[in-house]
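For reference, the structure is listed below as structure tokens.
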Amino acid sequence: MSEDMYEKTKISVLVCLFFVLSRLLRTKMVSSKTRNKLIHQVICFCFLAILLHPTTSSDLFRVGLKKRRLELDDIRASRVIRKLKHSQSPTNYPSFATLGGDSSNQDQVILKNYLDAQYYGVIGIGTPSQEFEVIFDTGSSNLWVPSSKCYLSLACYLHPKYKSTKSKTYIKNGKTCTITYGSGSISGFFSEDNVNIGDLVVKNQEFIEATREGSLTFLLAKFDGLLGLGFQEISVGNAVPVWYNMVDQGLVREKVFSFWLNRDTEAEVGGEIVFGGVDPAHFKGKHTYVPVTRKGYWQFNMGDIFVGNNSTGFCEQGCDAIMDSGTSLLAGPTTVIAQINHAIGAEGIVSAECKDVVSQYGEMIWDLLLSKVLPRQVCKELGLCVFGQETGIKTVVDKERSSVLCEVCEMAVVWVQTKLKVNETKEKVFEYVNQLCESLPSPAGESIIDCNNIENMPNVTFTIGGNPFSLTPQQYILKTGVGNAEMCISGFSAFDLPPPTGPLWIIGDVFMGAYHTVFDSGNLQIGIAEAT
């Protein structure tokens, strides 16, 4: 139920009570027996009105979420995968022109760190229902589970498999599809069947029966499949997402679903998804709403990011971000993640290239910025970001190094520019930049925090819809292990998605655990409020 509808329900109850009182006042002269009969009739009428009112809590359909403890090995393994693409036949699938500018990038979608996902819910497919634990993922749009026809993938033998022959409501489709990951792929075919989600039954839902799970991710995963809650624009095979069918089949009154993720590690209830509205018990105050800026993901525009009271300077002019329940951490461009991890004391991998650039080009970067050269032009002026002009044979290693030097230079420019704005001395600026070099996160590793320093770490604040949303150290630090084996891990992960889709921030469960999140597909907006 939405906040407005919740208020309307309370008003309805008050109207009923007023009606009761008015009837009593009008019946002073009648007998006690008659008065009692009238009171009984009016009270029954009130209860009936409340039950039949279209804004009651019966309009909300809930799916309880399970939560498991995040393990360090999950984070290490999940960061091996850095890019996800949809492999598609042009004759079967539409182009995703809304996701990018030119045709070479239009099918590019984001990384999915499913190995470190913590929240799962149970759904059923078929009649009688066959149960699967799935991630409810706002960063994708398809439903898929392992198929009984998956014979050659070890991952399929570690999870329940859908058996079409056991379902009375199965409808054959057979259209093939492939989802390709950086370290493997999932192949299968489409089928149709009824899908049970909480108390709802979605009829004739198109989903993928996975017949090959070639990725290490799905071999090690604790979940069976995925249920995508993104828009149809990024749906493989243009399959109609489950949420769309919920709405079209009249199963929910409002085109709204909401997430409450319980970050209490000791609690039995991991969280809850509410379909058809929001539960007022899940949040405090009112939601801040921001418009969806591009359909596909739940994408929106985000403002500046602060570490303590200091601006990182990275999103002053706005940044694209997506609200993604399928990612545990909070991921963003390496440039600013390095600043955040340095400020909170995270230890990363020392980058020799970073220190090389600062040593060789630091003075020139400083001078060019002081002479008002645009920051985006500085590295081109230095010859570190000039591509496509080489002649003859250039080795792959040389090209890769040129790309790395360009990226490091552009990060250094942002860092120097940030300090110039607050009139820091050159000596302090380069001391700071070298420290950031040492804090660069490793894509294949983890950023470790001293657990004893959590109380002294700064808040990290994101500006969304003009309002500040702060994460405390207790909210953005993830703990794994127990006793002497306990480790504290930064909830901020580096993720560099190239243009035109990127750069892009992925706002995952680290943020969604602190803030109740509303996904309003009717009004194309996202709501954020403090979670209870």
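Including glycine, each Cβ sits where the backbone N, Cα and C put it.
Lifted from TrEMBL, the feature list:
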| type | residues | note |
| --- | --- | --- |
| DOMAIN | 119-529 | domain 'Peptidase A1' |
| ACT_SITE | D137 | active site |
| DISULFID | C150-C156 | disulfide bond |
| ACT_SITE | D324 | active site |
| DOMAIN | 349-389 | domain 'Saposin B-type' |
| DOMAIN | 402-443 | domain 'Saposin B-type' |
Using C-alpha positions only, work out which of the recorded positions D137, C150, C156 is nearest to D324 (active site). D137
Distal contacts, the domain 'Saposin B-type' (402-443) - CB-CB under 8 A, six or more residues away: 79, 82, 311-314, 334-339, 341-342, 346-351, 353-358, 361-362, 365-366, 369-370, 375-376, 378-379, 382, 384-385, 387, 490, 492-494, 496
How many other Cβ atoms sit within 10 Å of the Cβ of C150 (disulfide bond)? 23
Measure from the Cβ of C156 (disulfide bond) and count the other Cβ atoms within 10 Å, all protein chains considered. 22
Could you give the Cα-Cα distance between C156 (disulfide bond) and D137 (active site), in whole Å? 20
State the mean pLDDT for the domain 'Saposin B-type' (402-443). 84
State the Cα to Cα distance, in Å, between D137 (active site) and C150 (disulfide bond), rounded to an integer. 23
Active-site residues listed as D137, D324, least Cβ neighbours within 10 Å: D137
